[in-house]
Every structure is written in C-alpha cells, then in structure tokens.
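Structure first, commentary second.
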Amino acid sequence: MSQPPAKRQKRAEYRKQAAEAVVAQPDESAPVAHVKLPKKKFYRQRAHANPFSDHQLNYPLSPAHMDWASHFPAFVNPDATQTNLIGTRKLLKDVEVVDIGCGFGGLLVGLAGLLPETLMVGMEIRIAVLEYLNTRIQALRVQQQQQQQKTQSHAALVPGGYQNISAIRSNTMKFFPNFFNKHQLSKIFICFPDPHFKARKHKARIISETLNAEYAYALRPGGLLYTITDVEEYHHWILRHFRDESALFERVSEEELEKDECVKVMKEATEEGKKVTRNKGNKYVAVFRRKEDPEWA
C-alpha cells in the first residue's frame, strides 16, 4: 500500500492546481462555483519575515520602470504607444492606495467594491502569503465574470469586479520609493504590523522617522495614512513618531474617523482584525493627514 503524499508535496500540488484554474479562461456555460477561492491551509508560512535579510526580490529601478499593466489589465491604456521606460503599457490611471504588509488581502478585498475606480496594491514580503492573495484575487475576478455571463448583466455583483486590486512582493523598508512617484498616493494603510516587542528589534518596525518621511514623499497633500494595532504600546509608538513629524502630518479627529468607511473596513475586514474581535481584544486606530508642502518645497 502506497504511503500518503507528504504534506509539503500536497500543498505544492494544490497551489499549482489553484493557480492554473484561475489562469484559464472561464467557460461561459460553467456555473459560478466552477472556480473556487484558494484555501489558506495550503499556503502556510511563518507569521513574520526578517526585513533585513537579503531576500531575492524583483523591484523597479524607479516608478517609471514599474510594470503595472500585468497587475491591472482592465485599466491598461489602449494606446499602444503609451509605454514606460521598460516598454510595457501604461495604465489609464495611477495606483493611489497601498496596503503595506497586506497579508492575506482582507483589506484589499474589502475596499475593492468601496473604491471601484481606484487602483490599489498590497505589498507583502512573504512568498506563500502573496501567492495565496494573488490566486484569491484572480479567482474573485473570474467568479465575477462568470456571474455576469450567467445573469447576462453588465454590472458585476461587486462594483469593479475586483479588477482594481493586486499585490506585489516587496520589502517596504528598502524599496518603497522605487514604486511610487512624489504625491502619487491618496491613502496608505498599515494594519496590525509586527510590533517587534524587544527593544533591539524596534529598528525593524514599519513606523519610524525614516520611513515616515518616505510615506510623506509618496502621499499627496491631504492624503491619509491609516494605522491600526492591537498592541497599546505600539499605538503610543505610532503617535509619538507622527507627532515628531508634525511638519508633515496632522492627526485626523475621531469625528472624521466615524464617518470614514475605510476605517470600518480596516477594523473588521482584515484577517487580524477578525482575530482580535474573536479574542475580544482592543483595536487602536490612528489616522494622519498629509499636510501641504511649504511654498519653498
């Protein structure tokens, strides 16, 4: 009697089949459930990755070298002469929203229908997690297309049909400016980042004086930077570091946050947010608005 396949081999086979299923063009006569969403249990990975390790990453030399067309095919400029510095087609609009450390993509999926005409990208360093998210996004797109064909309707169940979200593998601490031009972004999300509790690990926190300056460069005046954590000490760390950058950011009032639908999605749609809710933990939210540049800048 043959032995059952090893768990690692089983996971690899599942992931390969899931990726192939969403790449193929959907059959018009196929039911909506023909393409299924991937299962997380087959994309296991450690909770965190060391940002200082020498990961083998692909990143553009500059924002003008970034190939966004492969991520947002529905928004590719139809004019074939409109190409970037590496010869790939430009988009009809720029990416405006970034989810740093996007994980399994709960925030992106939650925001997709809320901001259907806004291009959003998640940045994640873990390979298996990113593979899951991209397979999930492709599956959601195919499901929307199948539903349209089934109902003969031109309106997707979710506005935009998830064509406005994607994810890339990147180390934000090293390569964030390589992807985005000055004042390109309208929103940046940092949801439940690794708190790095030990003092000697604080240099690995995604909120710091140096990184905040990079976020301010990419964020347009009036743009918002959203943060949420379930660690109170880290929340105070965030407040302190943005308070020290008072020339660049100002904190958004609680009254404004209550009216912001993005805050509701950030608190309830992310996988970490759901876990904190199940465990009856606290969620500490702080949102900061990018100030106008001085006239001499």
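Placement of Cβ uses the backbone N, Cα and C atoms for every residue, glycine included.
The following features are taken from Swiss-Prot:
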type: ACT_SITE; residues: ASP194; note: active site
type: BINDING; residues: GLY101, GLU124, ILE125, ASN171, THR172, CYS191, THR270, GLU271, GLU272; note: S-adenosyl-L-methionine binding site
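For the binding site of S-adenosyl-L-methionine, formed by GLY101, GLU124, ILE125, ASN171, THR172, CYS191, THR270, GLU271, GLU272 according to the record, the largest Cα to Cα distance is 21 Å, rounded to a whole number.
Checked against ASP194 (active site), the binding-site residues GLY101, ILE125, THR172, THR270 differ in C-alpha distance, with GLY101 being the nearest.
The C-beta environment of THR270 (S-adenosyl-L-methionine binding site), restricted to residues of the same chain at least 6 apart in sequence and closer than 8 Å, consists of GLY103, GLY106, LEU107, GLY110, CYS191, PHE192, ILE228.
In sequence order, ALA49, PRO51, HIS55, GLY101, ARG169, SER170, ASN171, THR172 are the residues of the chain that are 6 or more apart from ILE125 (S-adenosyl-L-methionine binding site) and have a CB within less than 8 Å of its CB. Non-local neighbourhood of GLU272 (S-adenosyl-L-methionine binding site): GLY103, CYS191, PHE192, ASP230, each in the same chain, at least six residues away, with C-beta under 8 Å from its C-beta.
Secondary structure at GLY101 (S-adenosyl-L-methionine binding site), as computed by DSSP, is coil.
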